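Everything below concerns the one structure shown next.
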Number of protein chains: 2
Amino acid sequence: MIFTDTRDSGFAKSFDELLQRGKMDIAEVSLIVTSIINEIKLDKNEALKKHIEKFDNWTPKSDEELKISTESMSKAYDNLDVKLRDSLHLAYDRIKAYHEKQKPKSWFDTESNGTILGQKVTPVDSAGLYIPGGKAAYPSSLLMNVIPAQVAGVQNIIVTTPTPNNEPNELLLAACHLCGVSEVYKVGGASAIAAMAYGTQSIPKVDVITGPGNIFVATAKKMVFGDVNIDMIAGPSEIGILADDSANPSHLAVDMLSQAEHDEMASSILITPSQALADAVKIEIEVWLKKLSREEIARKSIEERGAIIVTVDMDEAIELMNEIAPEHLEVATDNAFEYLAYIKHAGAIFLGHNTPEAIGDYVAGPNHTLPTGGTAKFFSPLGVENFMKKTSIISFSKNAINKIGEECALIASTEGLTAHEQSVRVRLNK
Amino acid sequence: MIFTDTRDSGFAKSFDELLQRGKMDIAEVSLIVTSIINEIKLDKNEALKKHIEKFDNWTPKSDEELKISTESMSKAYDNLDVKLRDSLHLAYDRIKAYHEKQKPKSWFDTESNGTILGQKVTPVDSAGLYIPGGKAAYPSSLLMNVIPAQVAGVQNIIVTTPTPNNEPNELLLAACHLCGVSEVYKVGGASAIAAMAYGTQSIPKVDVITGPGNIFVATAKKMVFGDVNIDMIAGPSEIGILADDSANPSHLAVDMLSQAEHDEMASSILITPSQALADAVKIEIEVWLKKLSREEIARKSIEERGAIIVTVDMDEAIELMNEIAPEHLEVATDNAFEYLAYIKHAGAIFLGHNTPEAIGDYVAGPNHTLPTGGTAKFFSPLGVENFMKKTSIISFSKNAINKIGEECALIASTEGLTAHEQSVRVRLNK
C-alpha cells in the first residue's frame with residue numbers, strides 16, 4: 001500500500017503510479033481477440049460452439065442448446081428466498097425510477113418566419129447485454145444493464161453470459177425472469193461480443209452492446225465499436241475517498257475493502273488532510289481484512305494498489321482527487337455538499353457519512369456501471385442515453401429560406417461546392 | 001447508378017449493396033496507423049515533424065513553427081469579403097443558438113426520508129478538434145466542431161489541421177479568429193489524432209477528440225478511443241430522399257448531386273412511389289451534372305453509388321429508408337411532418353420542399369457532423385453532449401440507509417461480497 005504525504009519527497013512518483021492505475025495493455029490480447037472475432041464472423045454458430053467447448057468446458061449439441069429456456073428462469077425466480085426476492089424487486093423499482101428521470105425528451109423550437117428546428121430522441125432497435133458468468137455472475141449487473149435499455153424503450157433486448165460446465169448461475173436466471181428478459185444465450189467472452197455485433201444463426205445482430213467483462217471482453221468491445229455502439233471500455237473497479245476528522249475510520253476501512261474484494265486489480269484510495277484519520281484507517285483495514293470471505297483477493301488488492309495520502313488541506317485533497325477522477329468517490333465529511341461544486345471528475349459521488357459506496361451498487365437507483373481508470377474525465381455512467389440516439393429536425397418555410405438562403409449559398413460557393421450552392425438558389429424567391 | 005423497382009427480381013441484391021455502402025476496411029490501414037501512433041507516443045514532436053515532412057511536404061524548423069500565429073488568423077479575418085464575413089457570423093450565431101437549446105442540465109431529486117439522488121453534468125477539461133486541410137479545409141467544419149465545445153463550457157479547445165506545403169487555408173484561419181480559437185497546430189492525419197490523445201512537447205493531451213477525416217484519421221480515432229473519448233467513426237457523406245409527385249425533380253437532382261460532389265464514395269439515394277418522378281430526376285441529374293465545378297467527382301459518385309428506387313407506396317419507401325438509416329434524409333412531400341413519426345433512423349431529417357440538405361450544412365443551426373453508413377441506427381449528431389460528461393450524485397440520510405440498508409446488505413451477501421455487506425451494516429441503526 002502507498003502510505004504517503006504530499007510533502008514527502010517521493011510523493012510525485014507515487015501519485016503518478018496512481019494516475020497510471022487503469023492502463024490496460026490490450027496489445028497482447030488484440031491478436032487473440034481479432035482471430036476470435038473473425039472466426040465468429042465466418043463460422044457463426046459453429047465457431048460459438050467451438051469456443052464454448054474450449055473456454056466453458058461443455059459441448060452444445062444443437063443450436064437450441066445455446067439458449068436458456070424461459071422455464072428455467074421462472075423456476076429459478078420461484079426458488080428465490082422471499083426476502084431476497086423482495087430486495088431484488090426493491091432494487092429494480094428504485095433503479096427504474098431513477099433512470100426514468102434521466103430519460104431525454106425530443107424537443108423542437110419555432111421561429112416566426114416558419115422555421116422549425118429540433119431534436120428527435122428515439123431508442124435503438126436492439127441491445128445486447130453482456131453479463132460475466134460463473135461465480136462473477138451478479139444479478140445486480142443484469143438489473144443495471146437491462147433497466148436503462150427498458151426505460152429507453154428498446155424493443156429487442158438480448159443477454160449473453162458464459163455458463164462454465166453448462167451450469168447457469170441460478171441467481172442470474174432469477175434476475176432475468178424478474179426483469180422480464182427472455183432471450184439469454186450461453187455464450188461468453190469475446191465470442192459473445194462478436195456474435196452480438198455481427199449476428200449468427202441463433203444470436204441476432206444488435207445496435208448497442210453494454211456490460212462489464214475482462215480484458216478480452218473489453219478489447220472485443222473496442223474492436224466492434226463503430227459497427228455497433230458500446231457503452232465504455234471499463235477496467236478494474238476503484239474507490240476514492242475524501243475525508244476529514246469527522247469520518248469513522250472503521251467505516252472508511254470497510255468501504256475501501258468493498259472495492260478491494262472485487263478484484264486484485266481494484267484500487268482503493270483515501271485522501272485526507274488528517275494524519276490521525278490516515279493512521280486509524282490503516283489499522284482498521286487490517287482488522288477488517290481478517291473478517292472477509294474474500295480476504296485473499298482484498299489483501300492483494302489493498303497491498304498492491306491501495307493508497308492513503310495525507311494532504312495539507314481539503315483543497316489539495318480535492319485537487320488530487322480531480323486528477324485521479326475515480327469511478328466511485330465518497331465524501332466522508334459533515335459538510336459533504338459544500339465540496340460538490342469543486343469535484344470535477346468522478347463516475348459517482350457518495351455524499352456524507354451515511355452513504356457507503358455499496359448502497360449505489362444495489363439499491364440507491366443510479367447505475368453502478370461507471371467509468372474507471374480516470375476515464376470519468378470524459379465518460380459517463382451507463383444510462384438511458386446509451387440506448388437512445390438523436391436525429392436533428394430541420395424544416396424551412398419559403399419565407400425562411402428566402403431570408404437566409406443567400407448567406408448559405410455564399411458560404412457554399414466559397415467552399416467550392418456548386419451543387420450545394422445551387423440546391424439553395426433554386427429554391428429562392430419562389 | 002442503381003435504378004430499380006422493389007418488384008424487380010434483382011431488387012434484393014441491389015438493396016443489399018446499398019446497406020453495405022458504409023463498410024470501411026480498416027484492416028489494411030490499421031498497421032500503418034498503429035505505427036504512426038507508436039511513433040508519436042515515443043518521439044512526440046520529432047515524430048510530428050518527420051510526418052509533416054513526409055505527408056505535407058514542408059520542414060518545420062522549430063517546435064514554435066508547429067503552431068499557427070493568432071496574428072495570421074486575425075489578418076485572414078480582416079481580409080474576408082464583408083458579405084462572406086456577415087454570412088459566417090450569421091452561421092455562427094444560429095449554430096450557437098441551436099446548440100444552447102440542446103445543452104443538458106444537472107438535476108437532482110429528493111425523497112421524504114432524506115435521500116438525494118441526481119446527476120451532475122459538467123464539461124470536459126479539454127477538447128481537440130481535427131479539421132481536414134488543404135482544399136478540403138472547410139470553415140463550416142470548424143464552426144460545427146468549435147461551437148458545441150464552447151457551448152458545453154470546455155476551457156481548453158485546440159485545433160489541428162494539416163497545412164500542405166506550409167500553406168494554411170486562409171478561410172479556415174479567418175474562421176478560427178471568428179470563433180475565438182487561438183491554439184491551432186499544423187499537424188494532420190493519424191499523427192494529429194495521436195498527438196491530441198497522448199500529448200507532445202507542443203500539443204497538449206485532450207479529453208475528447210472530434211472532427212471529420214479520411215480513413216487514416218477514422219482508424220486513428222478508433223484506436224485511441226478509451227484513452228480519450230471520440231465523437232464517432234464517420235465515413236463518406238450520403239443523402240436519402242423520400243419523395244412523391246409533389247416534389248420538383250430538378251431540385252431533387254441537385255440535392256442528390258450536393259452529396260455526390262463531396263466525394264466519389266458519397267451515396268445519393270432517392271426512394272419514391274412515383275415512377276414519373278424517378279424518371280424525371282434521372283434526366284435532371286444529367287442536366288445538372290454538366291453545370292458543376294466538381295462534375296467529375298459528382299459523376300463518378302452518382303454512377304457508382306447513386307440509386308433511385310421505385311416502391312409500391314410511401315410506407316414501403318419509409319421502411320426501406322429506415323433500413324438504410326441515412327446520414328441526411330430529405331422528405332420532399334407536401335405533408336412532410338406526417339411522416340416524421342414513422343422515420344426511425346437518420347442523422348438529420350430535412351422536412352418539406354423548402355429545406356435542401358445544404359441549408360443544414362451551413363446556417364440552419366443543427367450540427368452537420370452526422371452518423372454515416374447506417375450508424376444513425378445507434379450514433380447521434382455531434383452535439384454539446386459530446387463535450388460533457390455526467391456524474392451520479394447519491395446522498396443518504398441515517399433514516400434513508402436504515403430504511404433500505406437491510407435489502408442492500410442481503411443482495412451483497414448473496415453475491416458473496418462481505419465487505420460490501422458490512423459497509424452498509426456498520427451504518428445501520430445508529
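Note: Cβ is positioned from N, Cα and C throughout, glycine not excepted.
A 10 Å cutoff on Cβ-Cβ distances gives A:E415 (substrate binding site) a total of 20 other Cβ atoms nearby, all chains included. According to TrEMBL, the feature substrate binding site maps to A:S237, A:Q259, A:H262, A:H328, A:D361, A:E415, A:H420.
As annotated by TrEMBL, Zn(2+) binding site applies to A:Q259, A:H262, A:D361, A:H420. DSSP classifies A:H420 (substrate binding site) as helix under the three-state reduction. Of all the Cβ atoms in the protein chains shown, 29 others lie within 10 Å of the Cβ of A:H420 (substrate binding site).
Neighbour list (A:E327 (active site, proton acceptor), Cβ cut-off 8 Å, at least 6 residues apart, same chain): A:S237, A:E238, A:I239, A:A346, A:G347, A:A348, A:L370, A:P371, A:T372, A:G373, A:A376. Sequence annotations record features per position, and here TrEMBL assigns active site, proton acceptor to A:E327 (among others).
Annotation comment: TrEMBL describes A:H328 (among others) as active site, proton acceptor. In the three-state DSSP reading, A:H328 (substrate binding site) counts as strand.
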Tell me which of the binding-site residues A:Q259, A:H262, A:D361 sits in the most Cβ-dense spot, judged by other Cβ atoms within 10 Å.
A:Q259
Candidates from A:S237, A:E327, A:H328, A:D361 close to chain B, where recorded positions are judged by Cβ under 8 Å:
A:D361
Please give the greatest C-alpha separation between any two of the substrate-binding residues A:S237, A:Q259, A:H262, A:H328, A:D361, A:E415, A:H420, in angstrom, as a whole number.
56
For A:Q259 (substrate binding site): DSSP state (helix, strand, coil):
helix
Local Cβ density at A:S237 (substrate binding site) - other Cβ atoms counted within 10 Å:
25
